[in-house]
Amino acid sequence: MQSIPIKNVGTDNISQLIDRFERQYVYLRLSITDVCNFRCNYCLPDGYKPPSHKQQFLSVSEIQRVVRAFADLGTEKVRITGGEPTLRKDFLEIAHTVSQTNGIKKVALTTNGYRMERDIDLWQQAGITDINVSVDSLDTRQFQLITGENKLQSILKGIDRAFEIGYRKIKVNAVLMKQYTAPELDKFLVWIKDKPIQMRFIELMETGEMDSFFQAQHLSGQSVMQRLLQEGWQLQPKALSDGPAKVLSHPDYQGEIGLIMPYEKNFCASCNRLRVSALGKLHLCLFGEEGIDLRDLLSEDTQQAQLEARLKAALQGKREHHYLHIGDSGIRNNLASIGG
């Protein structure tokens with residue numbers, strides 16, 4: 001299989017977040033809520049169900065402290081995730097706070113697009129530099145069948161508006177499923193031919209609540225990869241702060257294709273990201289442990305040195321790879337709880 005070159009990208013600070021396997025971490029995925037208003041059949045088919053005990057999500061000041069600590073340790077990119085992060089009433093304040101943190105160069109947002117048409121201008125003003133939005137189908141009825149919401153046309157208008165106000169590229173996520181997404185591949189290719197969209201197909205991942213759905217719908221991204229390579233698409237080099245997608249481009253297309261294939265051998269070798277949940281727990285892997293509590297060190301600015309020390313110490317416990325290939329998805333019942 002064709003290998004992907006990785007660009008040697010310099011940084012202003014040398015990251016101190018380096019694990020036992022010499023992987024460097026410059027990318028934080030920060031969940032600010034686990035609430036989601038969609039009912040996607042691959043994630044929350046029965047909708048969001050609040051826990052019996054009340055949860056207090058990270059406050060703006062706690063978010064400021066955790067992002068500052070990561071930035072001080074070399075993190076350059078923060079992705080704000082959920083659940084659906086834009087459901088928080090203080091989302092714009094959070095985005096602005098993250099964007100104003102010294103050392104943070106990119107503030108990305110992962111969203112279901114529910115409020116994109118209405119609020120995209122405000123997101124940009126708050127400091128959101130990059131957007132990933134989910135579009136699992138370009139067919140209105142199919143989209144509603146997958147997500148439980150009749151919002152496709154509004155989301156597409158939101159994407160168009162993003163280009164109008166100066167976003168140079170939008171990343172669009174679709175979960176790769178035999179019955180739903182795979183038959184629409186040609187339609188997606190037509191859509192991105194003249195639009196600077198990176199269309200990212202994410203392999204369906206097995207989680208505790210979705211075993212039977214996974215067995216029925218899982219499709220390897222390699223099948224898509226081989227087809228694209230045969231049609232003249234070419235793999236592109238990756239920058240240090242890039243996510244896990246293998247990106248392909250074609251001279252006849254303005255858009256790109258990204259493939260996220262967690263079951264592929266060596267998927268974890270280039271891991272560059274850590275996760276903090278909306279409840280203030282550090283997760284070293286999407287499919288991993290219960291999480292390491294950080295919240296007791298987020299109350300005061302004077303705790304930053306202790307917080308950074310805990311982050312560095314915890315990182316040494318990060319495993320070399322996940323165990324998805326043997327059916328072990330860790331404790332993860334669904335991906336909404338930590339933002340994927």
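Cβ atoms here come from the backbone N, Cα and C positions, even for glycine.
Swiss-Prot has this to say about the protein:
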| type | residues | note |
| --- | --- | --- |
| BINDING | R29, R79, T110, K171, R273, L274, R275 | GTP binding site |
| BINDING | C36, C40, C43 | [4Fe-4S] cluster 1 binding site |
| BINDING | Y42, G83, S134, M205 | S-adenosyl-L-methionine binding site |
| BINDING | C268, C271, C285 | [4Fe-4S] cluster 2 binding site |
| DOMAIN | 20-246 | domain 'Radical SAM core' |
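Taking T110 (GTP binding site) as the reference point, the binding-site residues whose C-alpha atoms are within 10 Å of its C-alpha, out of C36, C40, S134, are S134. Within the same chain, residues at least six positions away from S134 (S-adenosyl-L-methionine binding site) with a Cβ under 8 Å of its Cβ are C40, T111, N112, G113, T147, V172, N173, A174. Counting Cβ atoms from all protein chains shown, T110 (GTP binding site) has 22 others lying within 10 Å of its own Cβ. For R275 (GTP binding site), the nearest of the binding-site residues by C-alpha distance turns out to be C285; the candidates were Y42, C268, C285. Mean pLDDT for the domain 'Radical SAM core' (20-246) in the predicted structure: 94. Taken residue by residue with DSSP, C268 ([4Fe-4S] cluster 2 binding site) is part of a helix.
Distances between the Cα of C271 ([4Fe-4S] cluster 2 binding site) and those of the binding-site residues R29, C36, C43, R79 are shortest for R29.
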